[in-house]
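Single-structure report; data block below.
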Amino acid sequence: MVQQRGARAKRDGGPPPPGPGPAEEGAREPGWCKTPSGHIKRPMNAFMVWSQHERRKIMDQWPDMHNAEISKRLGRRWQLLQDSEKIPFVREAERLRLKHMADYPDYKYRPRKKSKGAPAKARPRPPGGSGGGSRLKPGPQLPGRGGRRAAGGPLGGGAAAPEDDDEDDDEELLEVRLVETPGRELWRMVPAGRAARGQAERAQGPSGEGAAAAAAASPTPSEDEEPEEEEEEAAAAEEGEEETVASGEESLGFLSRLPPGPAGLDCSALDRDPDLQPPSGTSHFEFPDYCTPEVTEMIAGDWRPSSIADLVFTY
């Protein structure tokens with residue numbers, strides 16, 4: 001009977017019907033779709049029915065071929081088949097599906113959940129010497145501080161800092177501000193001689209043992225240098241006094257150029273109330289440019305009631 005069907009298929013020109021493969025042979029057994037562990041497999045589709053027979057052919061021809069390569073070739077060949085050539089395998093897959101439903105009515109497809117892999121480990125941070133620490137750039141140092149530390153380090157060793165460090169720091173800050181904004185008159189009053197002397201002392205090293213050692217190592221200054229320093233200090237003090245006097249004269253000249261106030265402005269009424277006077281002794285009503293005649297009349301009038309009886313309401 002099988003031979004007759006094969007001959008009829010050859011006459012029709014279609015592919016030969018699938019022979020009794022392992023699927024049909026296993027379907028005759030009672031546990032044909034069960035694994036030894038008790039898991040029920042899904043029924044095969046048309047491609048799986050066709051690929052079983054074709055896979056055996058390929059394995060016979062190329063026994064060393066990898067399973068992944070065999071599956072790739074089978075997929076390409078299945079896509080090249082026409083729909084008429086797939087009909088016998090589709091029918092066989094439908095028969096197996098109905099048999100599977102009859103043998104395992106309570107079967108429900110439960111796909112295996114993919115196990116979530118371990119969370120990605122955090123990227124290890126490089127050591128501080130070669131990692132982010134190298135990207136940090138040191139801030140700009142003020143001129144004078146770095147030199148003082150560099151010069152005082154080898155001479156003083158581990159000696160304590162002098163007590164007048166705060167004063168030296170203030171002088172250095174004033175010097176830096178003078179360099180950045182030379183247009184400010186106030187910052188030009190820095191004693192240049194004192195600052196120069198402080199820098200010279202810092203260059204020699206801190207007080208204590210380091211200073212004594214430095215003084216012993218260096219030659220004693222001559223007597224001619226002391227008068228020169230005193231002359232520099234005196235010249236700097238005279239320049240500061242001249243600048244102070246000049247700034248005072250400018251302020252007095254500015255006040256002298258102000259226009260005189262009108263004679264009609266009378267603020268005697270405001271003087272009677274001490275609460276209206278600001279703590280600095282001046283009043284915002286003393287600027288005549290912003291007072292009109294109407295405002296002057298209002299200010300000159302008596303604001304307070306003449307007696308307490310005016311504050312009592314009678315019905």
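Cβ atoms here come from the backbone N, Cα and C positions, even for glycine.
Pulled from Swiss-Prot:
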DNA_BIND  40-108  DNA-binding region
COMPBIAS  100-109  compositional bias 'Basic and acidic residues'
COMPBIAS  149-159  compositional bias 'Gly residues'
COMPBIAS  162-173  compositional bias 'Acidic residues'
COMPBIAS  174-187  compositional bias 'Basic and acidic residues'
COMPBIAS  192-221  compositional bias 'Low complexity'
COMPBIAS  222-244  compositional bias 'Acidic residues'
REGION    1-40  region 'Disordered'
REGION    100-288  region 'Disordered'
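Under DSSP, the residues of the DNA-binding region (40-108) split into helix, strand and coil as follows: 51 helix, 1 strand, 17 coil. Across all of the DNA-binding region (40-108), the predicted model scores a mean pLDDT of 92.
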